[in-house]
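Per Swiss-Prot, the features are:
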type	residues	note
ACT_SITE	S104	active site, phosphoserine intermediate
BINDING	S104, D246, D248, D250	Mg(2+) binding site
MOD_RES	S104	phosphoserine
Amino acid sequence: MGRLFGTDGVRGVANADLTAELALGLSVAAAHVLAEAGTFAGHRATAVVGRDPRASGEFLEAAVVAGLASAGVDVLRVGVLPTPAVAHLTGALGADLGVMLSASHNAMPDNGIKFFARGGHKLADELEDRIESVYADHRTGAPWDRPTGSGVGRVRDYDEGLDQYVAHLVGVLPNRLDGLKIVLDEAHGAASRVSPEAFARAGAELVTIGAVPDGLNINDGCGSTHLDLLKAAVVEHGADLGIAHDGDADRCLAVDHTGAEVDGDQILAVLALAMREREALRSDTVVATVMSNLGFKLAMEREGIRFVQTGVGDRYVLEEMKEHGYALGGEQSGHVIILDHATTGDGTLTGLMLAARVAQTGRTLRDLASVMERLPQVLVNVPDVDKSRVTSSAELATAVAEAERELGSTGRVLLRPSGTEPLVRVMVEAADIEQARSVAGRLADSVKSALG
């Protein structure tokens, strides 16, 4: 059995890779591992379980709930809610464990399981490894320790979760959104009820699209991975801005009043300046990944804000933030973490904070986002090469050094081995697109020559 946990939980095609048996087994294993770690010591354990609206979530939820209850864990079933809502409720309700069933921005046939520890933070890698180990042992014959009688877990629906989460979101806003007209695209996903309710309570006039989930249409031509519908709707309705989420609403992208995209880097830049103005940007520092556009780094330096870089993945951003006490971080893809108010990327919170900045300043989102200029970026995938030698090849190091000399301070090069495929990703940013394409093409040839 290969490693089940990826960078964002366990994912796969529902009922093929991710079966009811696997969901049940992992849930029992998680309960045993947390009990073993002392998480449940001295009290009866409780878990919060939520899901996005994809059809497979119904049977997977049943499997997870059965697994937890059979291991003696009481379950609060919160139904269809965003991933950050499950994380928030895990902390707010004092639960020992949170479980979210979602494959985020993936297509409908996929699904996933993500576990949260007490307080609403993602499980540490070592706990995920231990869960896999306990689950594997059981598959090869090791028996579960099963409670009986009053020791089994009890299950109840917790219908107050949505209202509790929305109240939290609106309660942390620095100002209201009165006077703003906003288009929301909910990707027919987990925020289809939450996000419109939160924006309406905050005072915005709303046009909502992609908010009629039927279990099959999640992320289908809408949401943060397909912005064309949102762009058209913003222009058609004369809105001030548009906000798009993905299937589990842990990310947010935006559209300005002209229909132009505002990506995660630009959102981070706008929020960084707003938070510094409120003295909420601790250490005047923002955290982002190596995939952030160089224009973001240059803009932050120009504004006197320190930029800390991590590996790709919001979990690495979060680790850096927690270790050093930073308040803001995120990714170009729209995962934005505002650590004073959320334990993970929260698309609805991000959208609300962005809209609040527009309302507070009276400036357009286009004007606010112009604080950074996105440099042209070219990404080339080079397949069928020995990706393990990316950092050790002298020939490749020479080619990269030559490219960096050519680009100077207004460009950069990043070579990144894929985590799942035998390929290397070549990313080049430059002052103009033609130079970026030229340098990327030459570097791709060098990768083939050196690693092929």
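Just so you know, glycine gets a Cβ as well, placed from its N, Cα and C.
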Rounded Cα separation (Å) that holds between D246 (Mg(2+) binding site) and S104 (active site, phosphoserine intermediate): 6
Pairwise CA distance, D248 (Mg(2+) binding site) versus S104 (active site, phosphoserine intermediate), rounded so that it is a whole Å: 5
Cβ within 8 Å of the mean position of the Cβ atoms of S104, D246, D248, D250: remaining residues of the chain near Mg(2+): D52, P82, T83, S102, H105, G189, A190, H245, G247, A249, R251, G347
Distance from D250 (Mg(2+) binding site) back to the residue listed as 'active site, phosphoserine intermediate', taken between C-alpha atoms, in Å: 8
Spatial neighbours, same chain, of D250 (Mg(2+) binding site) - Cβ under 8 Å, 6+ residues apart: P82, T83, P84, S104, D314, H335, T344, G345, D346, G347
